[in-house]
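Input: a single structure, listed below in structure tokens.
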Amino acid sequence: MLLIDVGNSHVVFGIQGENGGRVCVRELFRLAPDARKTQDEYSLLIHALCERAGVGRASLRDAFISSVVPVLTKTVADAVAQISGVQPVVFGPWAYEHLPVRIPEPVRAEIGTDLVANAVAAYVHFRSACVVVDCGTALTFTAVDGTGLIQGVAIAPGLRTAVQSLHTGTAQLPLVPLALPDSVLGKDTTHAVQAGVVRGTLFVIRAMIAQCQKELGCRCAAVITGGLSRLFSSEVDFPPIDAQLTLSGLAHIARLVPTSLLPPATVSGSSGN
């Protein structure tokens, strides 16, 4: 199964397989989202990258999409259908009743499907209260209690968003590369911004996980994901990093939702019209 996570920073493509009966996923490639690209342009690009990754049309029996960029959802879905002959299923609130996590109102009305996928993957893995930290365009924290209820979400500016904002919102601060410095005391402007933004985010993550545990009233497992989570891979005494968490969640969800309950326009193999 082809898994697609359409986000604000990247469109991530992965493929699902099984290992000893367990769901496993492999990221294939990432694209920069571009609303100016046509369906045909996306189709040619996705086809070429799938071929390069060794994934032919015969391997794409089904496709499952999460998207938080509505303007791209149909374009990407139709591009995949054009290549594979399979109309992707687009994950949405229609599937929430069939998940191992529960989503109460008003969270249900606004939570992104990527965060739901994260919560599903984490809860299936830990089977206990957990906090998922996603380091993407936004820095998000999703808290799930021991019964599988999503208690809430916190959203802060992401790392790249923060450095871009400092650059565009000031007269002299440069656009600095993202890196984790050893010290919080910068010796030049680049180091100072990296210390404040990247190492500062590290402290925010630790503090927010601790506060989530306090508000949930229990110790929680924690996991870090997102395209920029790699910046913290050298940290000790830090939650594990799982860059494939969102794709893993989509794979679990795709297996859990009965085909008979899929919206007619998104049943795999339908015309999609």
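Each residue, glycine too, has its Cβ placed from N, Cα and C.
Model, not experiment: these values are computed from the prediction.
Just so you know, the Cβ of ASP114 (active site, proton acceptor) picks up 27 other Cβ atoms within 10 Å once every protein chain is counted. Among the features that Swiss-Prot reports, active site, proton acceptor is placed at ASP114.
Residues or ranges marked as ATP binding site by Swiss-Prot: ASP5, VAL6, GLY7, ASN8, SER9, HIS10, VAL11, VAL12, THR137. Of all Cβ atoms in the shown protein chains, 22 besides its own fall within 10 Å of the Cβ of VAL11 (ATP binding site).
If you look up Swiss-Prot, you'll see GLY112, THR113, ASP114, LEU115, THR189 marked as substrate binding site, on the strength of sequence analysis. Under the DSSP three-state reduction, GLY112 (substrate binding site) is assigned to coil, being neither helix nor strand.
Sequence annotations record features per position, and here Swiss-Prot assigns K(+) binding site to ASP134. ASP134 (K(+) binding site): 27 other CB atoms within 10 A of its CB, across all protein chains.
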**Report entry** Residue with minimal Cβ packing [other Cβ atoms within 10 Å] among the binding-site residues SER9, THR189
**Finding:** THR189
Query - In sequence order, the binding-site residues (GLY7, SER9, VAL11, LEU115, THR189) whose C-alpha falls within 10 A of ASP134 (K(+) binding site) - result: LEU115
Query raised in the report: Taking THR113, THR137 as the binding-site residues to compare, which has the smallest set of other Cβ atoms within 10 Å?
Result: THR137
Report task. Return the residues near ASP5 (ATP binding site), defined as same-chain residues 6+ apart in sequence whose C-beta is under 8 angstroms from its C-beta, sorted by sequence, else 'none'. Result -> VAL11, VAL12, GLY14, ILE65, SER66, SER67, ASP114, ALA117, THR246, LEU247, LEU250
Requested in this report: Determine, to the nearest whole angstrom, how far the Cα atom of THR189 (substrate binding site) is from the Cα atom of THR137 (ATP binding site).
Outcome: 23
**Report entry** Sequence-distant neighbours of GLY112 (substrate binding site) in its chain (C-beta under 8 A, six or more apart)
**Finding:** VAL68
